[in-house]
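Data block below; observations after.
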Amino acid sequence: SDLNRGLPSGEWNNPFSTYFEEKVHIPETDSQAFSFRKLWAFTGPGFLMSIAYLDPGNIESDLQSGAKAGFKLLWVLLVSTIIGLLLQRLAARLGVVTGMHLAEICNRQYPTVPRIILWLMVELAIIGSDMQEVIGCAIALNLLSVGRIPLWAGVLITITDTFVFLFLDKYGLRKLEAFFGFLITVMALSFGYEYVLVKPDQGELLKGMFVPYCAGCGPVQLEQAVGVVGAVIMPHNIYLHSALVKSREVDRKNKKEIKEANKYFFIESSIALFISFLINVFVVAVFAQAFYNKSNMEVNAECNVTGIPHTDLFPLNNDTLEVDIYKGGVVLGCFFGPAALYIWAIGILAAGQSSTMTGTYSGQFVMEGFLNLRWSRFARVLLTRSIAITPTLLVAIFQDVQHLTGMNDFLNVLQSMQLPFALIPILTFTSLTSIMNDFANGLVWKISGGIVILVVCAINMYFVVVYVTSLNSVLLYVFAALLSIAYLCFVGYLAWHCLIALGVSCLDFGGRVRNQPAVFIEEQSEYDS
C-alpha cells in the first residue's frame, strides 16, 4: 500500500535544503536548569518563524482592526498569538524529535493521491501569502518614491533583491539569521516611532488587550476579529518552523538532548512571538487612537491642509475611513507629517522583504518534502519563486496600487481555506507515539489541540462564507458549493486520520493507519544506527 511507501535507507539523514548546509553547534554547559549560552545557540528559527506574524497581510489586518474597532479587538490579537505559539510548539517538536519536517512526514505517511492534493493546497497557501508579501514590498517602494516606482516595477525589484538576500546563507547560517533579526529591529523601530508619535491611550489599550469583550460591535467588527485570527495563524508557517529547527545539532538518540532542544526552542519561540505581538500592537494602537471613527471628509480636509498628494483616495463623503497599507501610509503623512509616511513605508518594506524570504524557504521545504526533489540550489529557488511570483506580477501590471484591498481579502480567504491542511497533519503526527515515542502529545494536548484546531478552522470557514456571500453572484454560489463538497471530503479524510491518531481506534478500519507508523519507526531506527 502507498501508506508504507518510504525513501531508501539512509536518505533521511542527508539534508538537501539550502538552509541546512551548515548546522549550528550547541555548546556543553555545566548548568542543568537553564543556560543563556544554549538559548543563544538555539535562537534563530523562532525569529524566522515569527516573521510570518509580521507580514504585510498581518500589518493590514492590524491597521484595519484599529480603524474599524479601536482598541476593542486587541484581546483577539493576544489570544490568536498564544494559539499560534502553541501550534508552533507542535511544529518545532515534530522537527526536533523525528529529524524530519512536516512536508517530509506527510510525504511518508499519506497515500499518493491525498499527498499530491495536500501538496497543491499548501502551495496555494504559499502563493497567496507570497503575493501579499511581494505586493506589500512594491507598495512600500511606491510610497518611498512618491509614486515614481510603479507597482509592477516594485514587484520586479523585490524578486531581484530576494534572490540576492537568499544567497546570504552561503556566508553562514548565523549571518542569515542576524539579517532577519535586523529586519525585525527595523520594523520595531519604524512602527514604534509611529506609536510614540501618536501617543495612544494606555488605559484603553490595556482594557482592549485583557478584557475579552467588544462593546457596541456589529458585523463589521466581527468580520475584522475573524480576519485577525486568519492573518495571524498561517498554514505554511507550520511547515516552515518544523523545518527550521533541523538547523541545530541535536542527537536524536539522546532523550535528554531532545528534551533540552524542545525546551529552548519553546522559550525562543515565546520571546520571538512576544516581540512580534508588540509590533502588531503598535500598529493597532496607532490606527485605533488616530483614525477610529474618522470620516473620509475629515481625512480629505487634513490632507489638503498639509499638501500631501493622493487626496483623491478619500472621497468627499461622510463614510467611515477604510484603510489598507497604502492608504494607511498616506493618512499618517496627512496627520503627522511626511516623516511618518516614509518611516511607515520603511517598516512595510522590512515586513515585506523578510516575509518574502521566509516564504521562499517555506516553498522550498514544502516542494522538497512532498516531491523529494534533488535539484540544484538555484533551480529550486527559481522554481519556487516563479510559481508564486508569476500571478503577483500579472496582478501588479493590471491593477493600480489603489485597488488592491479587494484582492487582499481574496488572498486572506484563500489562506484561511488552506489552514486545515497544516493544522490537522501536525496534530495527527505529534499525537502518534509510533512517530514521537515518549514525546507524543498527552491527553491534555490531544484534547486542547483538537478543540483549538476545530475553533480556528470554524472561525476561518465563517470568514470564507461571509466573503462568498458578499459576492452576490448565483454562478459563484454554485461553483463555491461544488468546491465546498470536494473540500470538505478531503478535510474529512485528514480528520479521520487525525481522530485515529488521537485514540479513536474504532475508526481504524482494517488497521491501515495504525500499522503504518510502525514501518516508519522500524525504518527510522535503521537511519539512526
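Even glycines carry a Cβ here, placed using N, Cα and C.
Bear in mind that TrEMBL entries carry predicted annotations, made automatically and left uncurated.
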Range among 131-148, 419-436 that TrEMBL annotates as transmembrane segment:
419-436
In TrEMBL, which of 40-57, 382-399 is labelled transmembrane segment?
382-399
Given pairs 6 or more apart, does the transmembrane segment (180-198) have at least three Cβ pairs under 8 Å with the transmembrane segment (74-96)?
no
Residues of the same chain, at least six outside the transmembrane segment (474-496), with any C-beta under 8 angstroms of its C-beta?
114, 117-118, 121, 417, 420-421, 424-425, 428, 457, 468, 507
So, do the transmembrane segment (74-96) and the transmembrane segment (419-436) meet, by the test of 3 or more Cβ pairs under 8 Å (sequence gap 6 or more)?
yes
Going along the chain, which residues at least six beyond the ends of the transmembrane segment (225-244) come within the CB cut-off of under 8 Å?
17, 19, 44-46, 48-49, 52-53, 55, 57-58, 60-62, 64-65, 69, 73, 76-77, 80-81, 83-84, 87-88, 90-92, 94-95, 101-103, 122, 125-126, 129, 214, 269, 358-359, 361-363, 365-366, 369, 412, 415-416, 418-419, 421-423, 426, 456, 459-460, 462-463, 466
Selected stretch (most C-beta pairs under 8 A with the transmembrane segment (265-292)) from 330-351, 419-436, 443-468:
330-351
Let me spell it out: take the transmembrane segment (419-436), skip the flanking residues so only those 6+ beyond its ends count, and list any with a Cβ under 8 Å from a Cβ in it.
87, 90-91, 93-94, 97-98, 102, 105-106, 109, 118, 121-122, 125, 230, 233, 235-239, 242, 445-446, 449-450, 453, 456-457, 460, 491, 494-495, 497-498, 501-503, 517-518, 520-521
